[in-house]
Structure formats: C-alpha cells, structure tokens
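Taken verbatim from TrEMBL:
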- 1-54: region 'Disordered' (REGION)
- 41-54: compositional bias 'Low complexity' (COMPBIAS)
- 111-131: transmembrane segment (TRANSMEM)
- 138-165: transmembrane segment (TRANSMEM)
- 185-206: transmembrane segment (TRANSMEM)
- 213-236: transmembrane segment (TRANSMEM)
- 256-275: transmembrane segment (TRANSMEM)
C-alpha cells in the first residue's frame, strides 16, 4: 500500500512538473507572439513610409502655401539669401538639418521662390523705367524676363540635373538592405534658385547701376561687362556644385564645376572679338536702341 501511494505521488509530481513546463513554454510563446505583434506594425510603417511619402501631394501642398503669405518664413529666407552671397556652405549645412527634421532635401516653404520672383520683377521694372518708353512693351519685357530667365530656364536646368544625378551620379548601394536614395526634382529647382540669386544681384542689381558705363562704346565698358558676366555665371555654377556635393549618396559631383572652365575660356575670346553682353541684352529687350 505504501509503495502504491509513493508511486501515485511520484506520478502526480511528474504530472505537475510537466504541466509547469508546458505552462512556462506557452507563456514564452505568448510573450514572443506579443513581441512580434508589437514589432510588426513598426516594420510595416517603416516599409510603407516611403510609398506614403511619395503618395503625398507634395507639389500641391507646396503650391497651396504660395498664396498663404502668413505661413512663409520670410526672415529665414532673407537670411539664406544673404548667406548665399557671403557663406553659401552655411546654407547647405542647414539643408542637412532640414533633411534630418523633415525627411526631404527640398524646401517645404515656397518663400524663397516667391521673394526671388518679386525681386526679379522689381528689377526688371526698374530697367523698363530707365530704358523703355512703352508701357505695353514693359509688360512684355517683365513677363519675358521672369519666364525665360528664371522659371522656364530654371525648370529645364533642374530637369537636366535631376536626370543626370539620378541616372549617372548616384553611388551604388553596397547591399540590398540599404534604402535607395534619389534626388528630388523640387530639390534640383531649389539648387537653381539658390544659384540664381547671387547671379541676380550681380547681373541685375549691380549691372543696373553700372549700366550707363557698361553700354557705352570702348574697351573699358567691354572689359567690365564681360568680367561681370563671367563672375556671375561662374558663381552660379559653383553654387550649383555645392548644392549637389552636399548630398551624401552622389559621387563625381565635380562635374558641375566644368562649366566654370568653359566660361573662363570664353570670356577672353568674347573680349577680343568685341562682344559686349550688356549692350547685346539691352538691345534685345528694350525698344530704345543703344
């Protein structure tokens, strides 16, 4: 009887032990499932974030903010414009911070484009008031300069740079787990706007005050006009280079410095040939022949 009781107790103890192991195993499996359930939404969100960001109507939001002046950071825009003329690398250092905070390289604030456009229109009106005597022709000149010099030319240059950087200048990903990065078209237009503003200061504002001298006949006017255009064009391409050199996934960005060499080579040729760019553009746009 004692032996049967001992055997029964041993079976009960072994059953309790096996039930405890089974319970602990189930608890571990449940804990693991809960962890996986917590991890799965995070993984799906991280995978879907690029597609959702692409699906976002970024352009619609951008254009919608153009008509809302209160939402534009005008003070920061003027700070950028000043530093583009004095310390352009500081501006592109802030572009890195913008990427870290907003997860996009392009600006989400259209204030720079709006203010740059207004300044260009005001400068063109100043030229029209000085050198044009027809109100209707002045309107044509303002629209033509704004579209051809800034908007259409900028869109064409931005599209070419967008295609070039994404097709030929991107670094190859070392493995399939690295997220592929591409240059945004809106960022390439931002780079054009950044490069355009210092050139605008030289070739529209400074040129306006020097134009009585630059449009005269003589070697001094010829030399100064070509030097002014050479510096403006060279600085444009230098800022273009800085805009793409800041992107860590691009290589061989020194390609954007090559046009500076072409400009430097062409300038002496134009001077020796007697070509005055100031007289050429003034005669092209204004009804008063110089």
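Each residue, glycine too, has its Cβ placed from N, Cα and C.
Owing to the predicted nature of the structure, the values given are computational and were not obtained by experimental measurement.
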Sequence-remote partners of the transmembrane segment (185-206) [C-beta within less than 8 Å, at least six residues beyond its ends]: 58-59, 62, 80-81, 84-85, 88, 91, 104-107, 112-113, 116, 119-120, 123-124, 150, 154-155, 157-159, 161-162, 165, 228-229, 231-233, 235-237, 239-240, 243-244
The transmembrane segment (213-236) vs the transmembrane segment (138-165): 3 or more CB pairs under 8 Å: no
For the transmembrane segment (111-131), sequence-distant contacts whose Cβ falls under 8 Å of one of its Cβ atoms, 6 or more beyond its ends: 66, 72-74, 76-78, 80-81, 137-138, 141-142, 145-146, 149-151, 190, 193-194, 196-197, 200, 204-205, 208, 211, 282, 285-286, 288, 290
